[in-house]
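Have a look at the structure below before the remarks.
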Amino acid sequence: MSEDLFVSINFPNGKSVKQPIGLYINGEWHKSAETWETVDPSIEEVIAKVYLAGEKEIDYAVKSAKEAFKTWKKVPGSEKGELLMKLAELTEKHADTLAAIEAMDSGKPLVSNARGDVDGTIALLRYCAGWADKIYGQVIPTGPEKLAYAKRTPIGVCGQIVPWNYPLNMAGWKIAPALAAGNCIIIKSAETTPLSLLYFATLVEEAGFPKGVVNIISGLGTVAGSYMAKHPGIDKIAFTGSTKVGVIVQQLAASNLKAVTLECGGKSPFLVFEDADLDQAVKWAALGIMYNSGQICTSNSRIYVQDSVYDKFIELFKKHVIQDYIVGMPFDDNTVVGPVVNKTQYNRIKNYIEQGKKEGAKLVLGDEPLPLKQGYFISPTIFADCSENMTIVKEEIFGPVVAISKFKTEDEAIEKANNTTYGLAAMCFTKDLERAHRVSDELEAGMVFINSTENSDIQAPFGGIKMSGIGNELGSNGIEMYTQIKAVHINFNNKL
């Protein structure tokens, strides 16, 4: 193992790590002709340079995965489950290191955010390990002269593209079900946040996965991501990211009609009815837009409050955000809101804030100067009295910025909630059980949260409709997305 494929990284908490920077292909670490600087968004300094995969490296990864698939697909589900369980144990053993890498590379607060992401990855690995020997088909009754059955088989070589907002967690959502179902994978991190997934590759190796089954690469979306999406040797592509890029991925994937799973953008509405528990609505609403600095696809970035409790909600919401959502450095134990991921996102979010003010939204909180002299920090920002034609209401901002509006009737709330091209998630706060079911039926979203938000479960499907995506991750549905149906017909006595 070449030492120049690893670098030493020192964390602000005094600890350090031997960080891989190469391409993990066919069970070995490789260099390439191109490198990329990954930057700590809290201090705007380079952490490390990682090697980038180009077409040549991806071709090699596909070749390796195809060869490995010949034997991996035949490995009993129980053995696949054991390997995934071993990987979960190793991830748990290295959880503090992985969380520190995420905090430095993405700006996530270590205590309030990054460690929880790693714990979620561990839980999902164990969940999918349990599924590996329980992927059943069905026997179909056809009469005494024939037997027909359908079996779920692995798809083959799966390309997976991970976003920068949850580098390891979203990787786990793709890696675990794909392997449990018997596929081989080539997974690409976001170029902005490659480090935790590269470190995870060392755990894959230690767990004992056969060469070629798991290939982990860094690469530019415009180069490696595009090439993976259109590669004729890749049988499925799974992508999490913006809707704009998701559309491109689907177009490229059509070149060989590969299976596609897309988890894209959102502009989730959060409805607060007058009978709601306002204290709870305030706390959940804040969590749903300020956590992870608002960089969550399901963020409830639109809040609609019934007119009779509108002013009270805004008063409580502002007070709660000021008290509980402290902006600070990722390794500070008190920090809840860290920096956004890079300068591009920082400028983009700032432009949206200016647009909100320009279009007449009332700035209730935010846009104040922060004591931090460097880093891509944005203070929690609350706009009120927003109208449906405002840019901050229509477009995904992907930052700690929320637009609040009022409604009079249930029908008006539903109409406003559905007035978007997105359909990932929606939230409804009410004590009226009948209303909860009635409204959830009418909301155009792949997921509806009643009296909560951002508390999806690994056992339940996660996915959107409309321009928010295709297919699901998590739950049994997430496993099935990595399988295909094969129907087998057995003739007993039917002779010609």
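Cβ coordinates come from backbone N, Cα and C, glycine included.
Database features, via Swiss-Prot:
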- Asn165: site 'Transition state stabilizer' (SITE)
- Gly241, Ser242, Thr243, Lys244, Val245, Gly246: NAD(+) binding site (BINDING)
- Glu263: active site, proton acceptor (ACT_SITE)
- Cys297: active site, nucleophile (ACT_SITE)
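On the structure: features taken from Swiss-Prot.
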{"residue": "Asn165", "record": "site 'Transition state stabilizer'", "DSSP class": "coil"}
{"residue": "Gly241", "record": "NAD(+) binding site", "DSSP class": "coil"}
{"residue": "Gly246", "record": "NAD(+) binding site", "DSSP class": "helix"}
{"residue": "Glu263", "record": "active site, proton acceptor", "DSSP class": "strand"}
{"residue": "Cys297", "record": "active site, nucleophile", "DSSP class": "coil"}
Check your understanding: Lys244 (NAD(+) binding site) has how many other Cβ neighbours within 10 Å of its own Cβ?
Key -> 11
**Study point:** Shell list (NAD(+); ref centroid = CB of Gly241, Ser242, Thr243, Lys244, Val245, Gly246; cutoff 8 A)
**Key:** Phe239, Val247, Ile248, Val249, Cys264, Gly265
Review point. Using C-alpha atoms, which one of the recorded positions Asn165, Glu263, Cys297 comes nearest to Thr243 (NAD(+) binding site)?
Key: Glu263
Review point. About how far apart, in whole Å, are the alpha carbons (Cα) of Ser242 (NAD(+) binding site) and the residue listed as 'active site, proton acceptor'?
Key: 8
Exercise for review: From the binding-site residues Gly241, Lys244, Val245, Gly246, pick the residue whose C-alpha lies nearest to the C-alpha of Cys297 (active site, nucleophile).
Suggested key: Gly241
Point to revise | Which of Asn165, Ser242, Thr243, all recorded positions, has a Cβ with the fewest other Cβ atoms inside 10 Å | key: Ser242
Point to revise | Which same-chain residues, if any, lie at least 6 apart from Gly241 (NAD(+) binding site) yet have Cβ under 8 Å of it | key: Ile161, Pro163, Ala190, Gly221, Glu263, Cys264
Practice item. List the Cα distance (Å, whole number) between Gly246 (NAD(+) binding site) and Asn165 (site 'Transition state stabilizer'). Key: 16
Review point. Of all the recorded positions given, Val245, Cys297, which residue's CB has the most CB neighbours within 10 A?
Key: Cys297
